[in-house]
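S.K.: Here Swiss-Prot flags Met1 as N-acetylmethionine. Look at Swiss-Prot and you will find Ser17, Gly20, Lys21, Ser22, Ser23, Asp34, Pro35, Thr40, Gly66, Lys123, Asp125, Ala152 tagged as GTP binding site, backed by similarity to another entry. The Mg(2+) binding site annotation in Swiss-Prot covers Ser22, Thr40 and is backed by similarity to another entry. Residues annotated as motif 'Switch 1' in Swiss-Prot: 31-45. Per Swiss-Prot, motif 'Switch 2' is recorded for 63-80. Annotation source Swiss-Prot lists phosphoserine at Ser144. Taken from Swiss-Prot, the feature S-palmitoyl cysteine covers Cys199. Look at Swiss-Prot and you will find Cys203 tagged as S-geranylgeranyl cysteine, backed by similarity to another entry.
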Amino acid sequence: MDEDVLTTLKILIIGESGVGKSSLLLRFTDDTFDPELAATIGVDFKVKTISVDGNKAKLAIWDTAGQERFRTLTPSYYRGAQGVILVYDVTRRDTFVKLDNWLNELETYCTRNDIVNMLVGNKIDKENREVDRNEGLKFARKHSMLFIEASAKTCDGVQCAFEELVEKIIQTPGLWESENQNKGVKLSPREESHGGGACGGYCSVL
């Protein structure tokens with residue numbers, strides 16, 4: 001059934017409680033939005049297969065609770081991850097200020113040095129913005145992260161965030177190939193231009 005799947009990737013979604021991590025995941029996997037979505041208790045987990053530049057990848061996406069009382073789950077949660085989506089709420093500056101704490105945690109527990117990180121400023125559909133787009137971009141550049149602003153409510157930027165993350169992982173030698181070396185898998189020729197396609201207006205590849 002999965003013969004044409006290039007690889008399976010472990011993706012994490014992290015960030016403060018209430019920034020919309022679960023809503024982003026639900027929009028990406030099920031294309032739905034629930035404004036009354038309850039806070040995640042512990043860890044949620046979803047699987048979705050996507051195609052990027054002609055390469056099919058199965059994503060095992062882990063969504064964690066942002067609350068401090070669930071941090072005991074942290075070490076096993078980070079283990080073996082190839083990509084991380086770090087989310088903040090553009091209408092809550094405190095969630096942006098605390099990004100450094102999440103990066104420190106990532107550095108402490110992540111088992112790979114070449115993990116690909118994507119910074120997502122969520123809830124751009126709201127008017128009471130407290131974090132400017134350029135602030136997010138500057139933070140992402142400082143920490144060598146991909147960056148995008150998105151809205152789980154309107155779907156803006158959501159698909160692009162996951163596609164760009166997966167594309168970057170597939171382009172990173174050693175992140176996924178070792179488990180596939182004996183399967184004879186080959187990359188499809190990737191598109192040379194990062195600026196084209198549906199994501200051109202959103203993502204900054206850093």
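The backbone N, Cα and C atoms fix where each Cβ goes, glycine too.
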S.K.: Could you give the Cα-Cα distance between Ser144 (phosphoserine) and Lys21 (GTP binding site), in whole Å?
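M.R.: That separation, Cα to Cα, works out to 21 Å.
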S.K.: Suppose we draw a 10 Å sphere around the Cβ of Asp125 (GTP binding site). How many other Cβ atoms does it contain, all chains included?
M.R.: 14
S.K.: Using DSSP, would you call Ser22 (Mg(2+) binding site) helix, strand or coil?
M.R.: helix
S.K.: Could you tell me which of these binding-site residues, Lys21, Ser22, has the fewest other Cβ atoms within 10 Å of its Cβ?
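M.R.: Counting other Cβ atoms within 10 Å of each of the binding-site residues Lys21, Ser22, the minimum falls on Ser22.
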S.K.: What residue among the recorded positions Ser17, Ser144 has the most other CB atoms lying within 10 A of its CB?
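M.R.: Of the recorded positions Ser17, Ser144, the most buried by Cβ count within 10 Å is Ser17.
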S.K.: Write down the Cα-Cα distance for Asp125 (GTP binding site) and Ser22 (Mg(2+) binding site), rounded and given in Å.
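M.R.: A Cα-Cα distance of 17 Å.
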S.K.: Tell me, how many other CB atoms lie within 10 A of the CB of Ser23 (GTP binding site), whichever protein chain they belong to?
M.R.: 22
